[in-house]
Each structure stands twice: as C-alpha cells, then as structure tokens.
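Data block below; observations after.
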Amino acid sequence: MGLDIEAFRENQIKLYFHVACACAWICDYISGFTDEKSLIWGTRWRLPKILYFLTRYLPFVSLGVHLHYSFTAHNERDVCARLQNIISGFTATSMFCADLTFTIRTWAVWQPYRKRAVLIPILFVGVWISRIAMLVVWLRTLTLKPDAGTKGCHLAPVSKVILPFNIVFAAYVGVLFGLMTLKAYSTC
C-alpha cells in the first residue's frame, strides 16, 4: 500500500502535538513537585486529596496508553477502538475529578446561601450526565481510517458531538468561575 502524504502529514502533526503536550505537562509536574510534596502529601486522606491525586497522576497512565496508541503499528479497528476507549476513560475520569474538585470549592464558598448551594451539585450532575452521553455517542462513531503507511491508530470520528461536549464543559466552568468571581466581588 502506498504512502498517503496528506494522512502522513496529519499524523505527524498529531504526534508532534501529543509529544509537545506531554513535555509541557511533565515540566509543569516537575516544577510544582516540591510545593505539592510540602503542601499536600502530609495532609490526611480525604476526598479533596484523593481527587487531587487522581487528577494529577492518572494522566501518567493515560500518557503511556496514548503513546502506545500513537507510535505502534495497529491495523485492527477493535484494537484501536479499545485503546481509544481506555484513553477516553482515563481522560474523562481526570476531567471528572478536576470538575468535582472545583465544584466542591465553589459549593463551599456558597454554602451559607442555601439555594445556590443546592443548585451547584445539581448542575454538576446534569452536566456530567450529558457529557458521558455525548462521549459514548462519539466513541461509537469511530471508524478506522485506511492505513496511511505510518505507525499508530488512525481513527476518525463520524459524529461531531465532541464540539457540544467541549461547549458544555466551557459553559460549566464559566458558570463556576462566574460564581466564584461574584462571591469574591461581593466580599470586597
């Protein structure tokens, strides 16, 4: 099978992007390690600490799977789809833990205000139910691209549901930032 130049370029750009993100993430991890060790490691094990560690360290596992996904030769849709499901699961779990941490912080700030404090967890559950549904739809539409003569899985989603997935995420985080900003402004 011949080499598809356009697919090769697209794959190389994705690989460069993944490696650049991994390098930036590892640099961030190394630069904050001393503070993390002194501020977090010595505290008691409670939900926020567990969420922090899941958010912070689960991407290491995901990175290994992602590099395997990107750099090994796979020609079977089932293998590629299984790897993509694993990556999506790790990513969704990390995002869930980060969102839950931010939600808990926002809820703690608004706790004396009963109505808003009740709406924050309801909003979190509603957003995550919709995000999980969209992720399942997106994962089911993945198709194996023809072999471009390069290593790695080449899956193409047919569904465009990933855009609403990201819009829901941005809107949710925007609401939480707005609530935190409103609270900070009202205390000044």
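Even glycines carry a Cβ here, placed using N, Cα and C.
According to TrEMBL, the domain 'DUF6533' annotation covers 16-61. Counting residues per DSSP class in helix, strand and coil order gives 39 helix, 0 strand, 7 coil for the domain 'DUF6533' (16-61).
According to TrEMBL, the transmembrane segment annotation covers 50-69 (among others).
The annotation transmembrane segment is assigned in TrEMBL to 89-110 (among others).
Below 8 angstroms of C-beta separation, residues 81, 84-85, 88, 92, 96, 99-100, 103, 106-107, 110-111, 157-159, 161-162, 164-165, 168-169, 172, 175-176, 179 of the same chain, each at least six residues beyond the ends of the transmembrane segment (117-141), sit close to that stretch. If you look up TrEMBL, you'll see 117-141 (among others) marked as transmembrane segment.
What TrEMBL records for 161-182 (among others) is transmembrane segment.
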- prompt: By Cβ distance under 8 Å, which residues at least 6 away from the ends of the transmembrane segment (89-110) in the same chain are close to it?
  reply: 47-48, 51-52, 54-55, 58-59, 61-62, 65, 116-117, 120-121, 124, 127-128, 131-132, 135, 169, 172-173, 176, 179-180, 183
- prompt: Same chain, outside the transmembrane segment (161-182) by at least 6, Cβ under 8 Å from its Cβ: which residues?
  reply: 95, 99, 102-103, 105-106, 109-110, 116, 120, 123-124, 127, 130-131, 134-135, 137-138, 141
